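Copied over from TrEMBL, here are the features:
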ACT_SITE  Cys172  active site, glycyl thioester intermediate
BINDING   Cys157, Cys160, Cys431, Cys434  Zn(2+) binding site
COMPBIAS  554-570  compositional bias 'Polar residues'
COMPBIAS  589-600  compositional bias 'Basic and acidic residues'
COMPBIAS  617-629  compositional bias 'Acidic residues'
DOMAIN    9-431  domain 'THIF-type NAD/FAD binding fold'
DOMAIN    263-368  domain 'Ubiquitin-activating enzyme SCCH'
REGION    534-641  region 'Disordered'
Amino acid sequence: MAAATAAASSEEAVKAAKVLMVGAGGIGCELLKTLALSGFSDIHIIDLDTIEVSNLNRQFLFRQSHVGQSKAKVARDAVLKFRPNINITPYHANVKDSNFNVDFFKQFNVVLNGLDNLDARRHVNRLCLAAEVPLVESGTTGFLGQVTVHVKGKTECYECQPKPVPKSYPVCTITSTPSKFVHCIVWAKDLLFAKLFGDKNQGNDLNVHSKDDSSSKTDVFERSVDEDLEQYAQRIYDHVFGYNIEVALDNKETWKNRRKPNPIYIKDALPEDAVQQNGRSRDHMNEEQDPSAMVSLGLRNSQEIWSLAENSRVFLEALKLFFEKREKEIGSLIFDKDDQLAVEFVTAAANIRASSFGIPLHSLFEAKGVAGNIVHAVATTNAIIAGLIVIEAIKVLKGDYQDYRMTYCLEHPARKMLLMPVEPFEPSKSCYVCSETPVVLEVNTKTTKLREVIEKVIKSKLGMNLPLIMVGATLVFEDGEDLEEDEIANYALNLEKVLAELPAPVLNGTTLTVEDFHQELKCSINIKHRDEFDEEKEPDGMVLAGWSGPVDKQITSNGENRSVPSSSNTEDVDGTAEDISAKPGMKRKLNEILEAKENFDALENPSDVGSSSAQVVEDDDDDELVMFDEDPRQSKKKRLQ
C-alpha cells in the first residue's frame, strides 16, 4: 500500500512539474528523451549551440540533415514525434541573456543542467539560489560521470567546492623551457600559428629578430614580395627550430639543472633532394577537397607517430598550402580543431619542438586531442547520467531531501558497483556565493588599476558579468546597458586609475562591495595591501583568498582550457572518513568508497598529455573539462543530516 502511495505521489509530482533544462547536447539529448518518457509534460530547453557533424555520434536526436540548425529546436521536434501530447518550449539563446533573469527562473520547480562551461554553470547556480529553485548538476567524461543536487539552505551550492579556473603557464616555460608535449602544443598553436596566420596586431612572445640582423626592427616572419615560398618556409623553420634554440642556449644559467635542447635546422632534418621533392603528390589532390599536407605527402594514418623528417615535411607543406590555397584568410585565422590543415601544422611544429627538447613525439590524433581539448565521449555514460538526473529531480519534486544523493559513475567497478551514491554536503559557511562570506584580496593598491581588479578577480574569479562596485557609499564602477553617456565616461576614467587614487581611495583595510543585479549576488572584498608578488607563482599580481580557487592546473589557450591534473588533490582523508562513514543514512559507507581508491589512482597517473584524473569530468557536448564537485575521498565538510 505504501509503495502504491509513493508511486502515485511521484506520478503526480512529475505531471505537475514545470522543468527547465539548460543544455541540449550529449547529456541534454538523453535527458530530454528520458524526461519525456518518464511522464514530464512541461519542459523548457535553453541552448545557444547549433548542430555540428561531430555531434551526431552521440546526440541521437539529431541527424545529418539537421547540421547547422538550433539544438534546442531540433531536439524538441524529435521528441514530439514520439510524445506529441507534451509541451516542450525551446530557446535558441544564451542562458546568460538578460531575459533569463531571476523572475524567469522562479516559474520552474527544478532546473537541470547539462552545460559545457564553468562560467554558465556558476551563472545558473546563482540564479537558482536567488530564485530559490533546486538545481541538479551533471557532467561526463568518457566512462566517468557525476550528478549532484543543490538546494538552497539544505545542500551546498555548486560553488561551495573548488572548481578549475584558467591558469596560464609562465611565458618562459612555453617559449624557453618546455618539459611536456602540451607545452609544445601551446607554443605551436598560440604563438607560432598565431604569428604566421593570425592577427598581426596581436602581441606575441616569439623572437622575431634574425641571426644576421638581431638589432634590426625587421620582423623575420614577414615575407618579402619577391621571396620564393619554398625559401620562406625553410627560413621560418630554421629560425624557430634552429636559431631561436641557439639564442636560448646562450643563457647558461637556465640549463644548469635542465636538459639542453638541440637546435634543428632544415638541412639536419631533411636532405636537400627531399626538400625539393616535398609535396609532389599534391598533383593527385582533388581541387574541391580541402587542402591537406597529409594528402599532399601521401600520409594516411593519423594515429601513426611521424618521424622528425616526416614532421618537417608536413610543417613545410602545411605552411605552403596556407599561402597557396588560403592566402585570403591569413591575418585573421584562429586555430580550430576541426581545421585539418591547422591541426597538421600545429602537430608537426609541436613534434619538431618536442624533438629538440627531448620530449616524446605524438601522433596527429593525439596532438589534436590536446590542442582541441578533446576527451572522447561515451554515449552510454550520458544515458546513465541522464537517468540519474531524472531520479534526483523526482526526489526534489517530492521534497525527499533526506534521500538526495551525489552519484559518481566509475570506469571500473568498486565492490562490483559502478555507481557511487554519497550524501550531499551541507552549505559551506565559507562560500561567498551562498553564505555571503567576505573574501580577501591581497593587492598593491598603489600600482594596480581598477580595470585589472575587475578583469582578473571580479569577472574572471568571482564570475560576475555586470558588476557594480562601491567603496563605502561611493559608486566607483557600474557595468550595464542602461547607463547614461556621462556615467560611462566617468567609469571609464576610474578604470584607468590605480586603487589608491580612486574618488574613494582603496587602501589597506578598505572593503569593496560588489554586486551583480542580474545574478542577484552581493559580495564583500576586504583589501589587504601588499607591495610585491612572485611573477611566476602569482602572475596576476594579486591573490584572492576565501573563494573556491582552482584544484588542478590548467592551460589557457585561445580561450580554451585543458586540465592538467596535479600530483595530488587529496586532503587528509584518514581522520575524516571514519567520522563521515559513521553517520546514518548513507547508502554506502565512505570507507567502502575509499576502497575504490585504486580505480581513481589508476586515472591519476597521466602521461604527458591527454589524461584526466578521476576528479575531471567533461560535458561531452563541446569537450570542455570541469571538475567533480566532490571527490569521494575528500571530506572535511559536514554531510547533510
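Keep in mind that glycine also has a Cβ here, set from the backbone N, Cα and C atoms.
Automatic prediction, not curation, is the source of TrEMBL annotations.
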- Note on the structure: Least Cβ-packed of the recorded positions Cys157, Cys160, Cys172 (other Cβ atoms within 10 Å) is Cys172
- Using an 8 Å cut-off from the Cβ centroid of Cys157, Cys160, Cys431, Cys434, can you name the remaining same-chain residues around the Zn(2+) site, in sequence order? Leu129, Glu156, Tyr158, Glu159, Pro427, Ser428, Val433, Ser435
- Query: Averaged over the whole of the domain 'THIF-type NAD/FAD binding fold' (9-431), what is the pLDDT?
  - Reply: 89
- Note on the structure: In this structure, the one of the binding-site residues Cys431, Cys434 whose CB has the fewest other CB atoms within 10 Å is Cys431
- Task: Looking only at C-alpha atoms, tell me how far Cys160 (Zn(2+) binding site) is from Cys172 (active site, glycyl thioester intermediate), rounded to the nearest Å.
- Result: 34
- Rounded to an integer, what is the Cα-Cα distance in Å between Cys434 (Zn(2+) binding site) and the residue listed as 'active site, glycyl thioester intermediate'? 39
- Item | Between Cys172 (active site, glycyl thioester intermediate) and Cys157 (Zn(2+) binding site): CA-CA distance (Å) | 38
- Task: Please spell out the DSSP helix, strand and coil residue counts for the domain 'Ubiquitin-activating enzyme SCCH' (263-368).
- Result: 63 helix, 0 strand, 43 coil
